[in-house]
Structure formats: C-alpha cells, structure tokens
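Visitor: Just passing along the structure, written as structure tokens.
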Amino acid sequence: MHTDRDRFPFLTNTGKISEMKAQARETMRQVLAEMTAEEKQLESARLCEMLVQLIEEKEREARVGASAVMWPQLKVGTFSALLREPDLRALHDALPDVDWYYPLCRDEDQMSYYLVHDVDELERGSFGIMEPNAERHERVAAGQLDVILCPGFAFGRDGSRLGKGGGYYDRYLMGRAVHCELIGVGFACQVYDTVPVEKHDVRMNRVLEIPSS
Ligand SMILES: Nc1nc2c(c(=O)[nH]1)N(C=O)[C@@H](CNc1ccc(C(=O)N[C@@H](CCC(=O)O)C(=O)O)cc1)CN2
Ligand SMILES: Nc1ncnc2c1ncn2[C@@H]1O[C@H](COP(=O)(O)OP(=O)(O)OP(=O)(O)O)[C@@H](O)[C@H]1O
C-alpha cells in the first residue's frame, strides 16, 4: 500500500528541474541531519546484510559452470561513507572473495575506480572522502565492473536517483558495461516513489529499501 510518505514531498513545481533538484537536495540535507549516529549504524548494518544476499546470489550465478582455473571474482564498485551516507565497510569482511573498487575524483569532472583490498588503505582526499591512491592502487576500466553501489541524496523506486550535484556518477556510469548492475544505496528516509531527474541522470537497476518494521 502506498502512502503519502512515498511521494517526494518537498517540491514546489517551479518548472525548472534543476531548481527542483537543488531544492530537494537542501531538504534531504535537513532530513538526513535528523538521523542519529545509532540509527545510521543500525540501518547501515541492515543495508550490508541486504547487499551480502544480493551479491552472494550474483556470485552463485557467475560460478555456474565455472572451472577452478577460471574462478570468476565479482568486481564491485562501492563507496566510502560521507557523514550522511550508509557505512558499507562491513562488506569487505562479509564477502572476502569480491574485488572491491573505490572511486577517486581525479580532476574536476572525472572519476575512476581503483582496487582496494583493505579499507585501511584509503586516504582522505577530495571533499574529505576516504579515497584510493592512484599511485598505489590498480585502476579498473569502467566497462569492467559487474556491480556499482551508488550513493545519493534520494532515490525513487522507479530507479531515479538524486545525486550530490557534481555529475561525477552520471558521467562515469555512461561508460559502464551493459551487464553492470547499478544499485542505489541509501537510508530508509531517502527512498520515495520517484525523485526529480534530468535527461542525463542515469537510472538505477535497483534501489535498496530497508523494509519498515
Ligand atoms: N561517498 C561518496 N563518494 C563520492 C561521491 C558521493 O556522493 N559520495 N561523489 C558524487 O558525486 C563524488 C564526490 N562528489 C561530491 C559532491 C558533493 C558533495 C557534497 O555536497 N557533500 C555534502 C555532504 C554530504 C554528506 O555528508 O552526505 C554536502 O555538502 O551537503 C560530496 C561529494 C565522488 N565520490
Ligand atoms: N553525462 C554527462 N555529460 C556531461 N555533463 C554532465 C553529465 N551528467 C551530468 N553532467 C553535468 O554535471 C552537473 C551536475 O549534474 P547533476 O546535478 O545531475 O549531478 P548529480 O547526479 O546530482 O551528481 P553525482 O552523479 O555526482 O552524484 C550538471 O551541470 C550536468 O549538466
């Protein structure tokens, strides 16, 4: 059953989508600021459990018929949490066979992913985000990732995503492989039926939603 909660509630239609997106981001900053550290921790753990199930299922699919010499390892793009984002670090321990890649903003508009075995290898970089180091970590081509976990300010169940406003993800995701699954990962208060998007905004294949208890 859909309720008012499901409609993205904070918009006055100004006729300009870019203005509506800016307004929606501002509201989401306020909504997210109300979450306590404990709530964020609990929901992050829940999201990790959901992701473990999903990724294990993908691993099983990839391994049907695979041989021991060509044992497929999933390449998954993840992210380091900003203050208002879910903390996904627990995935490393829960899924040790996955190759984890983290984004690095290389200049004003380009982002690339690098292989990171241990979260302790990340260093504080642009925007205060914990990032890989281009000299120490191995870069992967955009078309090589099997799954990309995408952060954002808000997500729609229809796959729409409201990002942070840098355009990094949209530009990067244009180069993804056809089989690559894009998963929107946010807290429960970030998921609505739909959120405002422009033509260039890339749709998620799936948006995680913590079931309401
Ligand atoms: N974890 C993470 N890594 C990412 C992004 C992201 O959104 N999240 N980016 C996506 O493009 C790129 C960096 N771009 C960014 C653009 C804007 C803000 C920003 O406006 N920060 C918020 C604070 C958000 C928070 O704490 O959650 C703000 O000022 O309100 C941050 C990063 C690449 N790496
Ligand atoms: N594929 C693209 N090619 C060129 N410019 C783009 C592309 N995608 C986005 N941009 C530009 O980047 C800027 C920010 O876009 P937008 O507001 O959609 O970012 P966002 O999706 O919120 O950010 P992010 O994806 O980094 O979280 C806009 O000026 C937009 O025109």
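First residue shown is number 1, and so on along the chain.
Placement of Cβ uses the backbone N, Cα and C atoms for every residue, glycine included.
These came from TrEMBL, pasted as-is:
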type    : residues                                                                                                  : note
BINDING : LYS21, ALA22, GLN23, ALA24, ARG25, ARG161, LEU162, GLY163, LYS164, GLY165, GLY166, GLY167, TYR168, TYR169 : ATP binding site
BINDING : GLU85                                                                                                     : substrate binding site
Visitor: Fill in the CA-CA distance, LYS164 (ATP binding site) to GLU85 (substrate binding site), as an integer in Å.
Guide: 11
Visitor: C-alpha of GLN23 (ATP binding site) to C-alpha of GLU85 (substrate binding site): distance in Å?
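Guide: Rounded to a whole number, the Cα-Cα distance is 19 Å.
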Visitor: Consider only the binding-site residues GLN23, ARG25, GLU85, LYS164, GLY166: which of them have a Cβ under 6 Å from an atom of ligand 2? Write none if no residue does.
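Guide: Near ligand 2, sequence order: LYS164, GLY166.
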Visitor: Under 8 Å Cβ to Cβ from TYR168 (ATP binding site), same chain, six or more residues apart: give me those in sequence order, or none if nothing qualifies.
Guide: PRO103, CYS105, ASP109, GLN110, MET111
Visitor: Please classify the secondary structure at GLY166 (ATP binding site) using three-state DSSP.
Guide: coil
Visitor: Whole number in angstrom, please: the longest C-alpha to C-alpha distance across LYS21, ALA22, GLN23, ALA24, ARG25, ARG161, LEU162, GLY163, LYS164, GLY165, GLY166, GLY167, TYR168, TYR169 for ATP.
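Guide: Pairwise Cα check on LYS21, ALA22, GLN23, ALA24, ARG25, ARG161, LEU162, GLY163, LYS164, GLY165, GLY166, GLY167, TYR168, TYR169 gives a maximum of 20 Å.
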Visitor: Taking just the CA atoms, what is the gap between ARG25 (ATP binding site) and GLU85 (substrate binding site) in Å?
Guide: 14
Visitor: Of the binding-site residues LYS21, GLN23, ARG25, GLY166, which ones put their CB under 6 Å from ligand 1?
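Guide: Close enough to ligand 1 are GLY166.
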Visitor: I want to check the contact list for LYS21 (ATP binding site): same chain, sequence separation of six or more, C-beta distance under 8 angstroms. What comes out?
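Guide: LYS21 (ATP binding site) has long-range Cβ partners LEU162, GLY165, PRO196, VAL197, GLU198.
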Visitor: Using all protein chains in view, find how many other C-beta atoms are within 10 Å of the C-beta of GLN23 (ATP binding site).
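Guide: Summing over all protein chains shown, GLN23 (ATP binding site) has 15 other Cβ atoms within 10 Å.
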Visitor: Within 10 Å of the Cβ of LYS164 (ATP binding site), how many other Cβ atoms can you find? Include all protein chains, please.
Guide: 16
Visitor: Distance check, please: Cα of GLY166 (ATP binding site) against Cα of the residue listed as 'substrate binding site', rounded to an integer number of angstrom.
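Guide: So the alpha carbons of GLY166 (ATP binding site) and the residue listed as 'substrate binding site' sit roughly 16 Å from each other.
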Visitor: Taking the binding-site residues one at a time (ARG25, GLU85, LEU162, GLY166), which has its Cβ surrounded by the most other Cβ atoms within 10 Å?
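Guide: By the 10 Å Cβ neighbour count, LEU162 comes out on top.
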